[in-house]
Number of protein chains: 2
Amino acid sequence: MANTGEFALIADYFASWAPHSDAEQGVALGIGDDAALLDIAPGQQLVAATDTLVAGVHFPHDYSPAAIATRSVGVNLSDLAAMGATPRWVTLALTLPSELACDRWLAPFSAGLRQALSAHNVALVGGDTSRGPLTISLTVMGEVTAGSALCRHTAQPGDRIFVSGSLGDGAAALALIEQRWQAPEPLASYLRQRYDAPQPALELGAALAAVANSAIDLSDGLLADLGHLCRASGVSATIDSRRLPLASGLQHERQTVDWALRGGDDYRLCFTVPAALHNAVPAGCTDIGQIDTVEGEPTITVIDLDGQRDRLALQQLRGGYDHFAD
Amino acid sequence: MANTGEFALIADYFASWAPHSDAEQGVALGIGDDAALLDIAPGQQLVAATDTLVAGVHFPHDYSPAAIATRSVGVNLSDLAAMGATPRWVTLALTLPSELACDRWLAPFSAGLRQALSAHNVALVGGDTSRGPLTISLTVMGEVTAGSALCRHTAQPGDRIFVSGSLGDGAAALALIEQRWQAPEPLASYLRQRYDAPQPALELGAALAAVANSAIDLSDGLLADLGHLCRASGVSATIDSRRLPLASGLQHERQTVDWALRGGDDYRLCFTVPAALHNAVPAGCTDIGQIDTVEGEPTITVIDLDGQRDRLALQQLRGGYDHFAD
């Protein structure tokens with residue numbers, strides 16, 4: 001389960017169920033990773049993930065219908081990218097107020113949804129529409145060769161930590177949208193595009209199956225998500241702020257590094273690679289640190305721009321990122 | 001897609017997409033039935049359905065957390081019952097306001113969810129929690145032998161129409177809850193139980209694979225749902241009000257027949273059977289009418305309590321049932 005802010009602990013209510021022997025048959029990986037892995041046929045696993053976007057929480061109330069659709073698809077497919085899986089089908093649970101149940105809203109929303117899904121050869125196969133506050137929930141189903149999925153709980157001490165693409169784009173874009181910050185062109189357009197249409201790293205995820213020990217989708221922010229990975233794997237980590245990749249046009253300074261470390265909505269992959277496979281990592285990914293053995297309690301050590309080390313207990317990082325707030 | 005009231009036409013925005021050749025690979029049955037059928041392995045199909053329950057629309061605002069969970073599961077699994085499929089796994093998209101993100105609400109909700117799922121050997125495998133107005137969306141994934149699923153589009157003229165169990169219970173229960181109507185015990189308790197914990201007819205659905213030509217889940221009301229089936233199959237139908245099965249203790253009168261015909265939330269199965277297999281229908285099901293060839297426009301003819309025939313155009317029946325209203 002993905003969780004933000006005060007909701008970080010809710011998953012515990014569902015994850016802590018004692019396994020029910022008959023019901024759990026075929027569940028290779030349940031609650032707690034980017035997606036579930038389900039045994040459907042010899043050598044093949046079904047991969048399933050659900051994401052919900054709520055108006056006023058995950059996007060501004062006046063956000064365009066097409067952008068809502070595009071963003072929902074990007075967020076949802078990113079979970080499958082982090083598993084190294086191929087998305088095939090989605091179902092849509094669309095809740096919308098009566099005033100949006102009209103052609104003016106539905107035509108651009110459905111067109112945007114179609115375009116975003118078609119770009120990744122994914123079919124909309126069903127769903128449900130209800131009256132209520134605007135909420136979009138997508139469930140994606142996909143496939144992966146049994147045993148080849150990238151998980152959170154399999155990072156090893158000594159692994160190098162990589163991220164795909166630039167970090168902090170989601171938080172910078174939100175600062176732009178909320179007019180708390182300004183950026184020149186073409187940076188502003190780039191950030192806005194990254195926010196409206198996050199591109200799931202599906203090809204990269206598939207390529208990493210043979211290279212990475214573990215992977216996670218960056219939705220809550222690097223520290224929070226790397227924290228999830230470390231907790232699941234029983235490891236600590238060290239990352240260097242000076243190595244965090246930023247969007248072209250941004251310098252490493254207090255604000256941008258904070259966005260990269262703590263901002264959400266980046267939808268990049270964070271993955272760990274054994275040192276021997278370091279050179280096999282695809283281009284465009286950046287080495288930002290290393291997985292460590294746990295000494296005392298599990299921690300993430302952040303080396304700041306001055307080279308100072310700040311050791312953060314994982315427990316402090318559970319909150320994650322509270323998206324666009326009311 | 002299931003739809004109610006003004007939302008009946010929304011599915012058209014998504015169902016009318018021209019097939020996208022690559023994306024549609026493996027989609028044996030997409031939007032428009034109770035669930036999607038997806039080819040996952042030789043001889044085997046994945047069955048997927050999504051249902052959303054919104055506070056104040058699908059259940060009262062002060063409804064108990066355990067009942068919300070139980071009802072959500074019943075509604076969701078009923079879609080798979082109507083396909084003759086076996087449910088295996090669900091994902092949960094839970095949106096809830098901050099004041100409910102507490103043990104007082106989450107403990108009974110998660111316990112109710114667990115109990116309802118375990119009763120049918122279904123595992124919760126993932127999900128997403130978000131801050132927002134209370135909305136529960138479940139996506140169920142299950143399995144069926146390829147080619148054996150019960151669909152809406154396969155009714156044949158001459159088929160007899162059956163329903164499982166009593167009709168109108170959902171509407172009668174809502175009248176009780178809203179204090180518009182009164183009922184003596186044990187009828188009142190029975191109706192309340194039917195509303196809180198609708199039992200998906202999974203065993204019946206599986207047994208019908210060898211008997212029925214077509215089936216649909218009764219969620220919007222008999223007339224609306226039989227209308228969906230007739231539209232999909234290109235047929236008309238005749239049903240006899242005097243044969244509609246009512247809860248024990250209720251008589252056939254104007255109000256109860258109206259609930260049985262137009263009330264929603266019954267979660268029974270409506271299915272059609274070739275005349276030759278009439279005797280193979282499991283006990284507890286009632287023959288209520290017949291599938292007809294279309295003469296002029298497709299219609300459902302309702303024989304009322306006085307034996308009078310009322311011929312309703314399918315187009316009139318698209319609205320379905322508008323659940324618990326604000």
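For all residues, glycine too, the Cβ spot is worked out from N, Cα and C.
What you are looking at is a predicted structure, and each value in this text was computed from that prediction instead of being measured.
Listed features, source TrEMBL:
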BINDING   A:Asp34, A:Asp79, A:Asp217  Mg(2+) 3 binding site
BINDING   A:Thr50, A:Asp51, A:Asp128  Mg(2+) 1 binding site
BINDING   A:Asp51, A:Asp79  Mg(2+) 2 binding site
BINDING   A:Gly127, A:Asp128, A:Arg152, A:Ser219  ATP binding site
BINDING   A:Asp220  Mg(2+) 5 binding site
DOMAIN    A:32-144  domain 'PurM-like N-terminal'
DOMAIN    A:156-286  domain 'PurM-like C-terminal'
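The subset of binding-site residues (A:Asp34, A:Asp79, A:Asp220) lying with their Cα within 10 Å of the Cα of A:Thr50 (Mg(2+) 1 binding site) consists of A:Asp34, A:Asp79, given in sequence order. Contact annotation for chain B: of the listed binding-site residues (A:Thr50, A:Asp51, A:Gly127, A:Asp128, A:Arg152, A:Asp220), A:Thr50, A:Asp51, A:Gly127, A:Asp128 place their CB atoms under 8 A from a CB atom of that chain. Within 10 Å of the C-beta of A:Asp217 (Mg(2+) 3 binding site) there are 30 other C-beta atoms, taking all protein chains into account.
When secondary structure is read from DSSP and collapsed to three states, A:Gly127 (ATP binding site) falls in the strand class.
A:Asp79 (Mg(2+) 3 binding site) falls within a helix when secondary structure is assigned with DSSP. In sequence order, A:Thr91, A:Leu92, A:Ala93, A:Leu94 constitute the residues six or more apart from A:Asp128 (Mg(2+) 1 binding site) in its chain with CB-CB distances below 8 Å. Within 10 Å of the C-beta of A:Asp34 (Mg(2+) 3 binding site) there are 29 other C-beta atoms, taking all protein chains into account. The number of other Cβ atoms within 10 Å of the Cβ belonging to A:Asp51 (Mg(2+) 1 binding site), over all protein chains shown, comes to 26. The binding-site residues under consideration are A:Thr50, A:Ser219. Their Cβ neighbour counts within 10 Å are lowest for A:Ser219.
The local packing around the residue listed as 'Mg(2+) 5 binding site', expressed as other Cβ atoms within 10 Å of its Cβ over all shown chains, amounts to 29. In three-state terms derived from DSSP, A:Asp51 (Mg(2+) 1 binding site) belongs to an extended strand segment. Neighbour list (A:Gly127 (ATP binding site), Cβ cut-off 8 Å, at least 6 residues apart, same chain): A:Thr91, A:Leu92, A:Ala93, A:Leu94.
Helix, strand and coil residue tallies for the domain 'PurM-like C-terminal' (A:156-286), in that order: 56 helix, 23 strand, 52 coil [DSSP].
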